[in-house]
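The next block holds one structure in the form of structure tokens; read it before the comments.
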Amino acid sequence: MKNFWQKLTKPILTTTPMAGITDSAWRQICKSWGADVVHTEFVSVDALCHNSAKTMAMLAYQASEQPVVVQIFGKNAELYPQAAKIVAKTGIAGIDINFGCPAKKVAGHGGGICLLRDLKIVRDIVAKTTAAVDLPVSVKTRIGLRKIQGQPESGNISVFDFMDALKDLPLAALILHGRNYEVPFTGPVDLDMLKEAGEKFKSLWPQGIYLINGSFQTVESVVADLKYTQADGIALSRSLYGRPWLFKQIKDYIQTGHYQEVDWPTIKETAIRHAELLWQSKNEKTFVEMRKHLLFYVKGRSDASELRKKLVNVTSPKEVAKILNPLT
């Protein structure tokens, strides 16, 4: 097996799979700013096995994006081998399995984080996937959830239970979100839990890569939390919105103790380039997806409110450039 994870310099900085965000254009932008690994949007094993044209299009990537990891999700363990083989044929670098998504459309149907309520299925999914392909397989999950939804007295299922269920299987990496299912995005991450989980992961998979995740907002907090948890790296999510240069800033801070704030000309150039890449990789109808990115790029400007009114109507990179280029 060609395990790209083992060849990366630590700390490893990656994206995470985000629906409607981590398409090819976004991944190319993140790579240009120093991301070590990028992820596709998460894709359904059911859709892959039914040869969904929309889903297959989500597997497209440029060579410059590698290593690219495809995250797959679904609750039917029998579909994972076929889905993994379909992914492997694309030349992708690795596969990640979604055991962490709290979104209603995934978890509400028993997928994502809610799969942890049946660790036999979790084990079956990972065993079948790792046996099906000669690719490094990673998993992404959260620190825990209640055994029975809405019943605190039922007790919790933790990431430690999750790892125990998989301890003899060949995991390449674990990405762990430092919040539980019940409080998915708000409040601080549980750094003590992330630290303890990392220690256990390394005891079970000494050669495995352990990445922490959880909306870390500042360069300083990322570096401090990496040091505290002793993780091999960090997977960035929402903190990247409108700030793909975080990758470079984090690396600069680790190497030199300093980093530069990004000026408006650089932000503008990145936003326009992002728009051009999205235009090239998708059809005109889907360019509307660029609008949400643009709103993040201009966040913090004194004229952001006025700009948002214009940017929510753009239909091409030329229109984006026409609005942004005159600004100083």
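Note that Cβ sites are derived from N, Cα and C of the backbone, with glycine treated the same way.
What TrEMBL says about this one:
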- 16-322: domain 'DUS-like FMN-binding' (DOMAIN)
- P17, M18, A19, Q71, K140, H177, S237, R238: FMN binding site (BINDING)
- C101: active site, proton donor (ACT_SITE)
Next on the checklist: Measuring Cα to Cα, how many Å separate Q71 (FMN binding site) from the residue listed as 'active site, proton donor'?
Outcome noted: 11
Checklist outcome for this item: DSSP output for K140 (FMN binding site) maps to strand
Checklist outcome for this item: For A19 (FMN binding site) and C101 (active site, proton donor), the CA-to-CA distance in whole Å is 11
Checklist entry - To the nearest whole angstrom, what is the C-alpha distance linking R238 (FMN binding site) and the residue listed as 'active site, proton donor'? => result 14
Checklist outcome for this item: Record-listed FMN binders P17, M18, A19, Q71, K140, H177, S237, R238 have a maximum CA to CA distance, in Å, of 17
Item to check | Least surrounded among the recorded positions, given as M18, A19, C101, when other CB atoms within 10 Å are counted | outcome: A19
Checklist outcome for this item: Whole-Å Cα distance, S237 (FMN binding site) to C101 (active site, proton donor), is 13
Checklist entry - Of all the binding-site residues given, Q71, S237, which residue's CB has the most CB neighbours within 10 A? => result Q71
Next on the checklist: So if I measure Cβ to Cβ from H177 (FMN binding site) and keep only same-chain residues at least 6 apart in sequence, which ones fall under 8 Å?
Outcome noted: G100, K140, T141, R142, I143, V189, N213, G214
Checklist entry - Looking only at Cβ atoms, how many others are within 10 Å of the one on K140 (FMN binding site)? => result 27
Checklist outcome for this item: CA pair M18 (FMN binding site) / C101 (active site, proton donor), Å rounded to integer, equals 10
Checklist entry - Taking the Cβ of P17 (FMN binding site) as reference, which residues of that chain separated by at least 6 in sequence fall under 8 Å from it? => result H39, T40, E41, F42, Q71, D96, N98, K140
Item to check | Assigned element (helix, strand, coil) containing R238 (FMN binding site), judged by DSSP | outcome: helix
Item to check | Mean predicted confidence [pLDDT] for the domain 'DUS-like FMN-binding' (16-322) | outcome: 93
Checklist outcome for this item: Row R238 (FMN binding site), column other C-beta within 10 angstroms, all chains, value 15
